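Enquirer: Per Swiss-Prot, the features are:
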TRANSMEM  3-23  transmembrane segment
TRANSMEM  33-53  transmembrane segment
TRANSMEM  99-119  transmembrane segment
TRANSMEM  122-142  transmembrane segment
TRANSMEM  155-175  transmembrane segment
TRANSMEM  196-216  transmembrane segment
TRANSMEM  241-261  transmembrane segment
TRANSMEM  264-284  transmembrane segment
TRANSMEM  303-323  transmembrane segment
TRANSMEM  351-371  transmembrane segment
TRANSMEM  400-420  transmembrane segment
TRANSMEM  443-463  transmembrane segment
């Protein structure tokens with residue numbers, strides 16, 4: 001039996017069940033733990049290859065139904081997604097909020113991202129793109145603050161515009177090719193057709209919105225900053241894998257075509273702008289969660305730039321960095337959540353936490369070194385590959401920008417670490433800290449993620465070996481022609 005469809009169907013079914021368990025907190029917690037375990041198992045027991053929903057398959061050379069493609073690269077992405085989702089779900093069980101609604105939305109988001117990553121049907125991809133956009137706003141609303149409601153509403157308003165433009169782009173491609181299946185569609189994109197150019201441009205608009213690239217970076221950063229820390233970890237994971245999923249589709253359809261050269265330049269520019277804007281804005285922040293939110297935007301720029309290069313090395317580096325990023329950034333957001341349980345997120349009101357939580361401080365420091373690209377952590381491995389990919393296509397200026405942004409990231413992170421853990425505070429503040437408990441489930445999740453930062457940093461091949469074959473299939477050494 002092929003369990004591939006269960007990666008989408010199972011979380012959707014569980015989301016419906018959770019929605020029926022309002023007020024039954026104990027049942028919600030038990031079922032959530034079981035669901036989290038199953039989410040991690042499913043990617044390992046599913047078979048590689050194409051899966052056709054509805055039993056239609058291929059008819060006269062055409063795919064008449066919804067199709068999904070599963071391969072080692074997509075397995076690496078979904079395993080990472082499953083791990084982050086499971087840890088966030090477990091952490092959320094220790095928080096006082098509407099647990100059934102939190103789990104319902106989280107599972108719907110998981111199913112949507114899995115569908116986006118697996119989709120070989122562009123309209124099916126769009127449907128789940130819309131769902132995950134609504135889910136992200138809903139998760140922010142759970143924070144219950146006025147700022148959270150405003151951030152979620154702004155995101156939904158912008159999403160209505162971006163998603164409508166993306167749907168129009170899909171309509172252009174359908175009108176030009178006569179099919180929605182991605183594998184079939186790519187064979188009809190060789191012709192010189194203005195509608196195809198328009199469709200590509202509008203897909204890039206949807207990509208920028210979903211991933212938080214300029215001009216949508218401020219809206220997305222506000223979404224992360226106004227959520228609870230563990231929910232922010234989930235949101236940024238969704239965004240990075242939306243970016244990867246949509247970029248894979250764009251590369252599969254257009255990479256190597258002569259008219260895609262301009263799109264290469266646009267996508268690289270968006271990635272570089274996100275890197276620079278993100279780190280500059282992070283350096284200006286006095287709120288810790290806002291600082292982390294802008295770093296999430298900056299790191300998304302690295303991913304977009306690597307994938308936009310379109311070469312096998314660039315694609316491997318981009319996907320690898322996305323996987324690394326969601327791991328260390330989730331660790332940082334969980335660290336911020338633990339700190340906020342003590343005394344909020346205003347950096348000027350924090351300090352002196354090192355003696356009270358030395359193990360948490362150490363794990364957060366590891367995650368900060370990982371995001372800064374310091375060896376031997378995982379962030380160094382993927383950033384090094386990204387710089388190599390830029391050099392390979394004779395773009396040393398991009399590699400230099402990546403290094404400068406990493407330096408800015410390191411400065412910002414060390415400043416925050418000092419203000420939170422090392423800055424001296426008075427005795428009254430220390431007593432206030434001691435009266436507030438540290439969420440143990442969050443510490444457990446932080447430990448798992450920190451361990452992964454170290455393990456992948458020391459043994460990067462355990463991830464990259466899954467990526468190379470698909471990257472060689474998608475990649476074209478366009479700039480080396």
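For all residues, glycine too, the Cβ spot is worked out from N, Cα and C.
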Enquirer: For the transmembrane segment (351-371), name the stretch out of 3-23, 241-261, 303-323, 400-420 with the most CB-CB pairs under 8 Å.
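Expert: Stretch with the highest Cβ contact count: 400-420.
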Enquirer: Which listed range (3-23, 33-53, 155-175, 196-216) shows the maximal number of Cβ pairs under 8 Å with respect to the transmembrane segment (241-261)?
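Expert: Answer, by Cβ pair count: 196-216.
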Enquirer: Are there residues at least 6 beyond the ends of the transmembrane segment (303-323) whose Cβ is under 8 Å from a Cβ of it, and what are they?
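Expert: 73, 76-77, 80, 211, 213, 240-241, 243-244, 247-248, 251, 255-256, 260, 264, 267-268, 270-272, 274-275, 379, 381-383, 385-386, 388-390, 392-393, 395, 398, 402, 460, 463-464, 467-468, 470-472, 474-480.
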Enquirer: Does the transmembrane segment (122-142) reach the transmembrane segment (400-420) with at least 3 CB pairs under 8 A, where each pair is 6 or more residues apart?
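Expert: Contact absent: fewer than 3 Cβ pairs fall under 8 Å.
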Enquirer: Cβ under 8 Å, sequence separation of at least 6 from the ends of the transmembrane segment (400-420): give me the contacting residues as numbers and ranges.
Expert: 272, 275-276, 278-280, 282-283, 288, 291, 295, 298, 301-302, 305, 339, 347-348, 350-351, 353, 361, 364-365, 368-369, 371-374, 383, 386-387, 390
Enquirer: Below 8 angstroms Cβ to Cβ, which residues of this chain, lying six or more residues outside the transmembrane segment (155-175), approach it?
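Expert: Answer is 122-123, 126, 129-130, 133-134, 136-137, 140, 185, 189, 195-196, 198-203, 205-206, 208-210, 216, 219-220, 222-223.
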Enquirer: Can you tell me which parts of the same chain pack against the transmembrane segment (3-23), counting only residues 6+ beyond its ends and a CB-CB cutoff under 8 A?
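Expert: Contacts with the transmembrane segment (3-23): 31-32, 35, 38-39, 42-43, 45-47, 51, 53, 68, 70, 78, 98, 100-101, 103-105, 107-108, 110-111, 114-115, 118.
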Enquirer: Going along the chain, which residues at least six beyond the ends of the transmembrane segment (196-216) come within the CB cut-off of under 8 Å?
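Expert: Sequence-remote neighbours of the transmembrane segment (196-216) are 129, 132-133, 158-159, 162-163, 165-166, 168-173, 176, 189, 239-240, 242-243, 246-247, 249-250, 254, 259-260, 263, 266-267, 270-271, 273-274, 277, 296-297, 300-301, 303-304.
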Enquirer: Go through the chain and flag residues at least 6 beyond the ends of the transmembrane segment (33-53) whose CB is under 8 A from any CB in it; none is fine as an answer.
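Expert: Counting only partners 6 or more residues beyond its ends, the transmembrane segment (33-53) has Cβ contacts under 8 Å with 2-7, 10-11, 14, 63, 65-72, 75, 78-79, 82-83, 85-87, 89-90, 93, 103, 107, 110, 120.
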